[in-house]
Amino acid sequence: MSEMRASSVTTSGTPQPTSVTGGSDREFNVKERSQLQQALRRFRRHRLAVASLVLLIFIVLLAFVGPLVWKYQYTDITPDNSQPPSLAHPFGTDSLGHDGFAQVLRGLQQSIKVALCIALVATTLGVVWGGISGYYRGLADSVLMRLADLILTIPAIALAAALGSTSGGAWWMIALILGGLSAPLVARAVRGVVLSLREQEFIEAARALGASDSRIILRHLVPNALAVVIVYATLLVAAGILAETALSYVGFGVQAPDTSLGLLITAAQSAVQTRPWLFYFPGLFIILIALTVNFIGDGLRDALDPRQTRQRR
Amino acid sequence: MLAYVIRRIFVSIPILIGSTILVFIMVKFSGDPLEPLKMRNPPAPRQTILNEEHRLGLDQPIHVQYLNWLKNLVLHGDFGPSVHSNTNIGHELGGRLVVSLRLVLISVLIALIFAVITGVVSAVKQYSATDYTFTFTGFLFLAMPTFWFAILLKSAAISYNQAIGTQTFFTIGDKSPFLTDDSAWGHVKDIAGHMILPTIVLGLVSYAAWSRFQRASMLEVLNSDYVRLARAKGLRPRRVLVRHALRTALIPLTTVTALDIAALLGSTIITERVFQWHGLGEFFLDSVGDHDANAMLGWLLISALIVILFNLVADLLYGVLDPRIRYE
Amino acid sequence: MTAETNIELSRKAGDREAVLEVENLTVEFPTDDGVVQAVRGVSYRLAPGEAMGIVGESGSGKSVTSMAIMGLLPKTARISGSVRFRGEELLGRSENDYSSIRGKKIAMIFQDPLTSLNPVYTVGYQISEAILAHNDVSKKAAMDRAIELLAMVGIPNPSQRVNNYPHEMSGGMRQRVVIAIAMANNPDVIIADEPTTALDVTVQAQVLEALEAARAATGAALVLITHDLGVIAGHADRIGVMYAGRLVEKGTVDEVFYEPRMPYTLGLLGSLPRLDEAGRERLTPIVGAPPSLMNLPPGCPFTPRCPLAQPVCEEREPDLYVTDAPDHLSACHFHERLVGASAAQLFRPTSVDTEDITPRDLEVQP
């Protein structure tokens, strides 16, 4: 019984590529694909995620190219004030005559910048934090993880508000603060992955074959932890948009004269009955971004960690 | 078990002290509480400023300030002086804690009930129209800014009240300032009425996250070997679902719920502001605005205690639900 | 009256007696990449009290077949054919309907005892649950019966062990609990799906003993699924060999072991170390791996690994032909050529796949 090879037939969607070594030259097996190709293929199959990606790319283009071509700047004051949406002002105007569309574009741009920075800061910091914790264990691990526990005991929005009250409303300060406060979450996840990977048999096998530490880290730990990190980074973008919004609402986020989607809604909250367009459009964009990013994250999780996916019809 | 609880409480003391130190430092660098006084026009007399500095202990080095604060708290249960000389922080926190905690607890309870039902239905009817609907609404709730939804809900409630011509929904405050029906039942009714909208707002995000989690956990259990054996034994589908699948799939939810409590307390800050509740959230925002260090620390201590308590309860519950866990 | 009609008559009589009849059972799983044909037209009959072994590599459809019989496959599975218990059709029943058959008429034992029992209930609770599902008895009576069952499968101190949680027991103990659950309602058929695969070799014999005890006590027919030919030899009357979702050879233990008529069976036997021929015969592995069950080409699926392969094998999949004995069937176009053949004559006696050897492997170690 030396040839007992598992070919997954029953539950997992894709069968393991197997190679025919003897017998005839007939080949009826699925071609071997690289990990990346397989992940891409699985992602493409997640139609909602692909549609979300397309929509998100469109929104990002709108945010960064839109202001260059649109006839009004977000600071422009037009003679039309409190106008409902029309051809001249697709998103209407506020009571001062600011063009709603220009304002939303600017808010979109700032919010996206903040969200991307939050994700970047949180994952970078979190990977180093969790990586050190998991790989070196011992004292470093205890200290770093207690610190993470500590930060996570305190509501993030409260810490951000306390810190943000001195930030002066610069968008990068907000991003830095919220990113830093999200890092412990990533650190915990990365540590978990690293710890469990350390115990895995293929790592042991690599070690037994004489692979060096750096080879183990680069060839085995990083690619396997990468899946978790990418998914986290994606979800953090969505969380970041929402966190910035909340912070703006309590008054410790981006400050006027600059603007963000959160600030736009906050400014429009009293006008929800009289000039609802000012309230709905920025909210709609926040939902669109958070929704698409979450769907993409879901698709990425399926694509990168096929063990979690189950058979689909 | 009792020994375990006591040990856990002792272990959480360093975490509490650590977080107060962290926040104390942050607060000290976040701004000068006497700024309004100093910037006043005409300027306040210098002696007034010095007196205020002394009253708040600002004339001492930062570590002495912290140690004094800790000493007064532990020995006298005193949260220290507030920027507003007529405010007693401990007293203020106590009253507001009741208001906020009742919102949090009811929200958690309702969100949990709905999340479990949704998760189970979604998992059992995986890839059905029902499942897709629940999944999509879940994603939508997770993508909505809390306060945006809150304002929308509030505005809808106001429109409804106006259309009907009666006060069906209460949209402002945690209770009515004057009550015609002064009986106990009248008070309960009044408070419950004020809670409806904020509970929906606060519970919505938790509901969405937990229902997704419960679905995943339920799916995993439904595909497990022991559920297969339960079916192979000839147990009725309902019994398999409740006794074997749901019973086991509830275990991980306790941990997730406890972990989310900190975020939930953060959300009360937003919810309370939208509905103008006089709870802990409002207290915190005011103290941040005033750079009121002791008030912020008091708030932090209370919320950290709530978080730690919830986690302890979750751990104990976990031990009750899962016989593999034993606390010695 | 000729001999042939005699056989026909006895067969007919046998049909009425069979406890379990599987006919042309087919199971397909639609996936994103295509349809996986896990089981392709499996048929067998099981007489009361008979023990039948099913052998084959992982993924040959052994487990899927038995899960289909038990109605335990996921809803996405497409099942056709027929499964009859004492003449009654089982396929297509509702979950509620099926649950009155499961455990009561047909019981099943699964591969991994470590995950088969629910971690949050005591073993006593889980056994008595099986009893209470089919019998109107008190909980006390069910628990007493559970203790009795634990004693029968050879668990010491059953009256104390009954209150244990699964995690407080070893793998072998847990599998015995699963066997106790299977025999709880005196079923007519017990399907054991690789009952010893996940266990230590030393414990395997004890668990098989418990299984034999369960059979003796209930008089149940047994379907023993395994990839271990040694286990089959000692515990089965008849054997079915499965490959790529089909039964490719059927017969009595002696027929299949000593006169195999399918190259795959011969290969399986050749790759098994045997004490009675120690030192004289080299092991002869079957090179290659079983085919993917998705988009199977026409022809015999064993062709790429078969030393006897001819052009016809790629064109037409052979039926199950009757060989020299009427109940000994083989799915090989050339089953007649295998009369008297040994594994070593067909397969190259190497202990490694020579194709996989690289020059580096041949370097002399200093």
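Note that Cβ sites are derived from N, Cα and C of the backbone, with glycine treated the same way.
For B:97-318, the entry in TrEMBL reads domain 'ABC transmembrane type-1'.
Outside the transmembrane segment (B:9-29) by six or more residues, the chain places 62, 65-66, 69-70, 291, 293, 296-297, 300-301, 304-305, 308, 312 with a CB less than 8 A from a CB of the stretch. The annotation transmembrane segment is assigned in TrEMBL to B:9-29 (among others).
Counting residues 6+ beyond its ends, the transmembrane segment (B:103-124) has Cβ neighbours under 8 Å at 130-131, 134-135, 138, 174, 195, 198-199, 202-204, 206-207, 210-219, 222, 241, 246, 249-250, 253, 257, 261, 264-265, 268, 271-272, 277, 279, 306 in the same chain. The transmembrane segment annotation in TrEMBL covers B:103-124 (among others).
Positions annotated as transmembrane segment by TrEMBL: B:131-151 (among others). For the transmembrane segment (B:131-151), the residues of the chain that approach it from at least six positions outside its boundaries are 118, 121-123, 125, 197-198, 201, 204-205, 207-209, 211-212, 215, 267, 270-271, 273-275, judged by C-beta separation under 8 angstroms.
With a threshold of 8 Å between CB atoms, the same-chain residues lying at least 6 positions outside the transmembrane segment (B:191-210) that come near it are 102-104, 106-108, 110-112, 114-116, 118-119, 137-142, 144, 146, 149-150, 153-154, 157, 169-171, 173-176, 253, 256-257, 260, 264, 267-268, 271-272, 274-275, 277. Taken from TrEMBL, the feature transmembrane segment covers B:191-210 (among others).
The annotation transmembrane segment is assigned in TrEMBL to B:245-270 (among others). Away from its own ends, the transmembrane segment (B:245-270) comes close to residues 100, 103-104, 107-108, 112, 115-116, 119-120, 146-147, 150, 202, 205-206, 209-210, 213-214, 217-218, 220-222, 224, 226-227, 279-281, 284-285, 303, 306-307, 310-311, 313-315, 317-318, 321-322 of its chain (Cβ-Cβ under 8 Å, at least six residues beyond either end).
Look at TrEMBL and you will find B:296-321 (among others) tagged as transmembrane segment.
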